[in-house]
Protein chains: 4
Amino acid sequence: MSFQNPVFIPGPTNMPESLRKAVDMPTLDHRSPLFGQILHPALEGVKKVLKSETAKVFIFPSTGTGGWETALTNTLSAGDKVLAARNGMFSHRWIDMCQRHGLDVQIVETPWGAGLPADKYADILKVDADHEIKVVLATHNETATGVRSDIAAVRKALDAANHPAMLFVDGVSSIASMDFRMDEWGVDIAVTGSQKGFMLPAGLAIVGFSPKAMAALETATLPRTFFDVRDMGNGYANNAYPYTPAVGLLNGLNEACKMLLDEGLENVFARHHRIAEGVRQAVSAWGLELCAVSKDVQSDTVSAIRTPEGFNATDIVTHAANKYGVAFGVGLGEVAGKVFRIGHLGSLTDVMTLSGLATAEMCMVDLGLDIKLGSGVAAAQEYYRANQLAMSKAA
Amino acid sequence: MSFQNPVFIPGPTNMPESLRKAVDMPTLDHRSPLFGQILHPALEGVKKVLKSETAKVFIFPSTGTGGWETALTNTLSAGDKVLAARNGMFSHRWIDMCQRHGLDVQIVETPWGAGLPADKYADILKVDADHEIKVVLATHNETATGVRSDIAAVRKALDAANHPAMLFVDGVSSIASMDFRMDEWGVDIAVTGSQKGFMLPAGLAIVGFSPKAMAALETATLPRTFFDVRDMGNGYANNAYPYTPAVGLLNGLNEACKMLLDEGLENVFARHHRIAEGVRQAVSAWGLELCAVSKDVQSDTVSAIRTPEGFNATDIVTHAANKYGVAFGVGLGEVAGKVFRIGHLGSLTDVMTLSGLATAEMCMVDLGLDIKLGSGVAAAQEYYRANQLAMSKAA
Amino acid sequence: MSFQNPVFIPGPTNMPESLRKAVDMPTLDHRSPLFGQILHPALEGVKKVLKSETAKVFIFPSTGTGGWETALTNTLSAGDKVLAARNGMFSHRWIDMCQRHGLDVQIVETPWGAGLPADKYADILKVDADHEIKVVLATHNETATGVRSDIAAVRKALDAANHPAMLFVDGVSSIASMDFRMDEWGVDIAVTGSQKGFMLPAGLAIVGFSPKAMAALETATLPRTFFDVRDMGNGYANNAYPYTPAVGLLNGLNEACKMLLDEGLENVFARHHRIAEGVRQAVSAWGLELCAVSKDVQSDTVSAIRTPEGFNATDIVTHAANKYGVAFGVGLGEVAGKVFRIGHLGSLTDVMTLSGLATAEMCMVDLGLDIKLGSGVAAAQEYYRANQLAMSKAA
Amino acid sequence: MSFQNPVFIPGPTNMPESLRKAVDMPTLDHRSPLFGQILHPALEGVKKVLKSETAKVFIFPSTGTGGWETALTNTLSAGDKVLAARNGMFSHRWIDMCQRHGLDVQIVETPWGAGLPADKYADILKVDADHEIKVVLATHNETATGVRSDIAAVRKALDAANHPAMLFVDGVSSIASMDFRMDEWGVDIAVTGSQKGFMLPAGLAIVGFSPKAMAALETATLPRTFFDVRDMGNGYANNAYPYTPAVGLLNGLNEACKMLLDEGLENVFARHHRIAEGVRQAVSAWGLELCAVSKDVQSDTVSAIRTPEGFNATDIVTHAANKYGVAFGVGLGEVAGKVFRIGHLGSLTDVMTLSGLATAEMCMVDLGLDIKLGSGVAAAQEYYRANQLAMSKAA
């Protein structure tokens, strides 16, 4: 596998040159005022990307999984009840984490490929008259299935039931790539990482806490130290960290936020949608279907593509890596072997995307699928050339 | 503060050019076999640095603090008894973490500047006939005081009492810089990070588990997910991670291990000792004293230097940063304002060290201390020129 | 224009990650022995790439044009006669340089698109009974037309005439990408640069002098200082340069040679041929023709593609840059506006190449040419998937 | 020798982090408009650094030596008369170049260590009633001896004689570090390189031509192609180059100019003077003398330090490299073995300088010179701490 080709995994993404350089910095004393000049703008930048006025942002040297744990352990106590739907590998893992931490998860099994069932949430919340459910978990974008759910609808379910449960959203593969509105949607904790929409190496868990989530710190008794947001917040007040921060990644995050906000979030989202739509045109031209069951849940950051019965979709991924030096994503969990995934988030151009589609075509033909070489590429080309956005700046 | 000057903080260290380049890598698919070619050599390299034949090594996208939490949560249950001495800020923090996780810590208060009281440990272990103490915590090198403790002596205390408690060692600021013998000393869990002896950016928690510690996984009930070594181990078996790894840092760790093992661990330790001894010669020439109460506990990675009564040692650190663009370490906790610290670990030459000593002298004179300019430098020069090791390779 | 997309200009090429890192080195004293450890292996590496046992290699902080001037000024005197064919912009420029330096050039005008006329050379050399012609110039690969000439045939022309003229070859866009045999072909001076087959930034003129060319130093009276190979050679003997060398580029050149020789020169050539052949399949599928008039002169490093009468081929290049952020090459000189060029040398994969072809298709359709989207891509895909070489290593 | 230590050679200098990153850029099409966005600001920046309103700036992929050749070959014809003083190795080399190019050099032999003899120039110019002297050469800063000459005085000599000769100044080791006033001093051609005051890797010859020098292009008949400023100027008019430019270095130059102009040229000069003065204080404290014969000619970019009779000064340089991994400069030409040189230009802090002085002391003591360890360091410390400028920004 070669560094010359772009990657088409749903994160870590291809990194813009300027972000790689921002991360690769010499050692800077993290107890000096200079560190504050990196930290605070990064925190502010994330807040804007989350579209929040009121959130407290915390950034840990960790990953999205650590962000989930941060959300749970800072706000809940053993035995607390949590409502969650399982519609893919990442919602599954978050549920599993809850259970390991002694939470009582009410699971709504949902078809992999479908979005979060806001209507079922509504029903459950309505009957929870005693408000035993403390938190509703929602995976905004299921990276495993390429399914984006409607978080506003989940909020409506909560509001309709007049239910005080908090809303925690896993936005790892949506935030900074697809529209996310922390305040408007009443999200209490938003979780993401550095290696997706922020286009950085993995290594940061990024979380936003609403005032309500902050209030929950007082009562939560799940043990936590590394992920304790109180220590983290106290550190920030002194331009510092409770332990050694990942300074280079924070510097990169600061730059990434500047880059995203400079482009304009709506432009970023439109860019992702356009790139994704080209991929979907190709999938149609191939005569294949997405795992996402309907147009409204198609993700703009990753497409999980179903291959015909009897064909092992994972072979495409292996073959692409071995023969063409290109990385796609395999199917996970229930859809293992049934789908392969094309990640199309972050800093990706038409040109790069077309090379991924061309590679996928070669792989499918090599492996005996009845696909016409150039067919998906042509469909995407037609879409891209006819639907041009203003060129982004060199990155 | 300028990137042109070396830093003299006790980690993160100055980074060798080759390690910066190893960390700064393009995106590589962490689910591809190529990742295994980075991961497994890194794990093997760490094992050799720990001087262990039997340890399982786990590496988390986290920091040393996360390594402590990994040690505790994977092996213990709420209410378990732990024995620990408090002789500095880092031992204090580990004790605090135990308490937050519901452990019952028997604390041996120890003067800041003294080493771990192996004799007191021995007494306590002897009387613990029911073996209620599950773990003895030991901070090998107290970064706050510049004190290195005798881990072999702690092992002897356990053996003398014929006590089955596990021995967990915080080697964050010792491992890969000062002699550490996991197997010989019967260490059950060794904890370190990427940003000290491994000369990398912060962002990795590195832990080694003895077979006994691995066995404790079965019974431990403290909640854990992000830091669960079982998931991590299962991942490794498939060349993978339970979540997104910090690939660049792992690549850097692999290179760092090669670099250290290529130099030879004993040479690395001798190099650190020599650089440290030069600093100590300078401190003597200044007429100042170390926080470390005796020669046998002087650390080879950091020196905490006491300033005269009535003088705020922290002013030196602030002044050095503001006027000379140089980073030293402040005193922490009980020794805040009483000491300033010169970190001298990692990739540091005579020449760099002399520049730090020269800066410290200018600061002390600027701030009115009765120090003769050039005096400490001359003492260190004399030591360095007369005590030369074979030159290390360009790094 | 974005750094995310590959470039498709005929040099500077896309740079492998490892070469960028080799070039980006901290300051190293160029008068220290360490410099010799970079310089001498680089010189030896170039010699192997030139397939020469006897050449003296000289490397100047300059470009290929400086290499030409080095060749002329070190071996000739004002009024000396030189034989050269003009079949493209780069042969034209070399002729122009000769004239500026007072040489008497016998020019064989040759159609742009044709190779060097070895037969005409033969005729001319035969009648030059007094051996007035001192040098025959030959541009191995005309970057402007995508034409590779037969240097062995030029050598045969010289031999057939039993003519003692020296043979100077411009291999700027051939050496290290296409077969070049300095000794076997009796090349007296070979000229190249860093930014083509060596995949480095521009900034080095690289020349190899045969013993016969070295002997000509004695009699040459053209003024020269910067490009004097005697000073350069004297410098090398002392691990030094007559002035400040471009150390980072030399370090990169050393690495580039290792990389090429490690892959094997014949493998490098086969790789270039295969990539080029895919491009040519695409051109055929588009119904277009190459500037190169026959298969035997088609270059494996750059294709100049003729567009239909009345269409300004330069528009494709401008449009690709503006709309898609992709760089192709314009036509130069006689073929300006008539061709556009796709550079396909250096570190280029199938996947990258397909993205260039897909872009060219979009541009041509955007600009109204009667091209079917996906057609060229499909032809190249078919060729690439059916004609796989062993995967190169990650670079 | 290690990359960890600063270098103390008189160029290439230590590189600021930001400049290294500016140079290390991916391939950018040098025929695209983006190149113009790098080129033109770089040209403008250099003009400001030269303090000229009227100069045409040309930048070649070459070195300062190429800059000299550019100056001579673009303005002179074989047999033209040139006036030059020889007071060090670099003035010697420029004279040698003139002779190789067939110029008639009137040489004023001047003691190495003395400045240019403006009075002798004046005498010679006065008697040159026929104005046979076409050019006066002046080496602003003799890097070999650490001598800065008075260019304004040379201008006065020309003016006093009412002589129309052009004034060519080698400012390789002065421009961007010490005051240089192209217009005010009536300099017709200023020559420098990238690796000194501009703090970049070697690889660029940078020249400024006055209108008078531009006019001389018309009559000059020395052969030139690579260094022809007419082709270069024509290229610039089209955002291009006559051959492949060193894009990364030009990008670095653009950044370097911004950095210098942002700091303010007078601040840059003051910073260099202050660093140099500390070195001179150390030399005095050692009881040694500079090669520069008087205070008014002491260079602020390099100090050549005389060692006692019978001692081989070059041993210090060799010893420093071998034992301490530090690079100083050797004596060249007439002062070989008699002086060693400490380069102190570019991005150098007090702290870095002190480490160089400390190293020099250790070397001298190791080699048996009667020097007191710490003595020079203390003198420089005293100077630096008492003579602080405003801190420069992190670089």
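Here the Cβ of each residue, glycine as well, is placed from N, Cα and C on the backbone.
No curator has checked TrEMBL annotations; they are predicted automatically.
Some features that TrEMBL has for this protein:
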DOMAIN    C:30-331  domain 'Aminotransferase class V'
MOD_RES   C:LYS196  N6-(pyridoxal phosphate)lysine
BINDING   C:ARG341  substrate binding site
Using DSSP with the three-state reduction, classify C:ARG341 (substrate binding site) as helix, strand or coil. strand
Cβ neighbour count within 10 Å of C:ARG341 (substrate binding site): 27
In whole Å, how far is C:ARG341 (substrate binding site) from the residue listed as 'N6-(pyridoxal phosphate)lysine' when you measure between their Cα atoms? 15
Quick one: mean pLDDT on the domain 'Aminotransferase class V' (C:30-331)? 97
Cβ neighbours of C:LYS196 (N6-(pyridoxal phosphate)lysine) where a neighbour is any other Cβ within 10 Å: 29
